[in-house]
Amino acid sequence: MAKINDNYLKLKAGYLFPEIGRRVREFTAANPSAKVIRLGIGDVTRPLAPTVLKAFHAAVDDLATTDQFAGYGPEQGYDWLINAIIEKSYKPLGVDLKTEEMFISDGSKCDCANILDIFALDNVVAIGDPVYPVYNDTNVMIGRTGEADEKGYYQNIVYLPCNEANNFIPSLPTQKVDIIYLCFPNNPTGTVASKAELKKWIDYANANDAIIFFDAAYEAFITNPEIPHSIYEIEGAKKCAIEFRSFSKTAGFTGVRCGLVVVPEEVMGTTASGEKYSFNKLWLRRTTTKFNGASYPVQRAAAAVYSEEGWKQTKEIIDYYMENARIIREGLKEVGVTCYGGVDAPYIWLKTPGGMSSWDFFDKLLNECNVVGTPGSGFGPSGEGFFRLSAFGHRENVIEAVERIKKNLK
């Protein structure tokens, strides 16, 4: 009989969001007339920008003609999309990238998991706590960890607490690690890191021959001009950092699927025999073997985001969500709730009132306010006592949800 990958059995029962879905389904089945407002999972609600949608339609129409038909595209992505991203998104930051250093994908969630294919299993990994669950769980799935302890910490992973004391920015590890996950603007806490704070991590990585996985999925939501949008804005990052970006929240592509990975040619690892080797070459080899490229219509739509009109419309949608974030943040503060984030990120990280557990507060909001959020403990043990609300809802629902919560907590 074929053997399974036993590493999957190490995972705690139920990925966070399916568990939320299960509880919501149970509630709605028992309360069919209740209007449940979902501010939990970070799915977008606004339509695609008109210019983006027009490009999407035009690309589909291309497939109906012999002259314009597009079959298999380049696995790394079309140059016209890669160059548009470099010119419009990176060069204004003072970051110069080569076309060969960027890879278009079908989403950064997959990329954050798939990048592990090119790293040896005996690398020591450091992740924040709380953290986007994909970082933790994919390392378990691939076989890098031992079992989880009673807190949920897995053997062979170094956890870096992110709490009020350190402003939810992890401190440098006290031991040598090989791979470091950083996410700014952060999911779930909504916090951001300054250039000086990122420089500490870059210096650590270069001094210890470590690699930083920098998740910049929410960089488009930054409002403070002093906060870096890319880790490559900081000197030395091209030698030690791989950056992930996503169109999911930036352009509303959660149902369209498109992302990108930047792997600079300078980022090197070592072979088992101690020789240096390019991670860019390994990722290209992995990509051409396991991926046939994001679809042509999707890449045409993504390129339209960077047109003058496309970006103007996309920015209006981003501003809409950030106004939602302001409404949530300010509304909760009115009733004395301690909140973080929601200024340079679309997530509000709130401290649960009265010392309630994260899941107890989830049940309270669901049952008493008919509002769904995300328990902080689902992102890791250090998230206990906190709760995440998303700004990606419809404005009228956000306003109503905040009013319900305020009334309940007064």
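Cβ atoms are placed via backbone N, Cα and C, with glycine included.
The model shown is predicted, which means the values in this text are computed figures rather than measured ones.
The feature substrate binding site is assigned by Swiss-Prot to Tyr15, Gly42, Lys109, Tyr132, Asn187, Asn292, Arg388, with sequence analysis given as support. Here Gly42 (substrate binding site) comes close to Asn187, Lys249, Pro346, Tyr347, Ser390, Phe392: these same-chain residues lie at least six apart in sequence, with C-beta atoms under 8 angstroms from its C-beta.
The feature pyridoxal 5'-phosphate binding site is assigned by Swiss-Prot to Tyr72, Ser108, Lys109, Tyr132, Asn187, Tyr218, Ser246, Phe247, Ser248, Arg257, Asn292.
Per Swiss-Prot, the feature N6-(pyridoxal phosphate)lysine maps to Lys249; the stated evidence is sequence analysis. Reduced to three states, the DSSP call for Lys249 (N6-(pyridoxal phosphate)lysine) is coil.
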Exercise. Please report how many Å separate the Cα atom of Tyr132 (substrate binding site) from that of Ser248 (pyridoxal 5'-phosphate binding site), as a whole number.
Key: 15
Quiz item: Among the recorded positions Lys109, Lys249, which residue has the largest number of other Cβ atoms within 10 Å of its own Cβ?
Solution: Lys249
Exercise. Work through the binding-site residues one by one (Asn187, Ser246, Asn292) and point out the residue whose CB has the fewest other CB atoms within 10 angstroms.
Key: Asn292
Exercise. Just name the most isolated of the binding-site residues Tyr72, Tyr132, going by other Cβ atoms within 10 Å of its Cβ.
Key: Tyr72
Quiz item: Want to know which binding-site residues, from Lys109, Asn292, Arg388, are within 10 Å of Tyr72 (pyridoxal 5'-phosphate binding site) at Cα; which are they?
Solution: Asn292
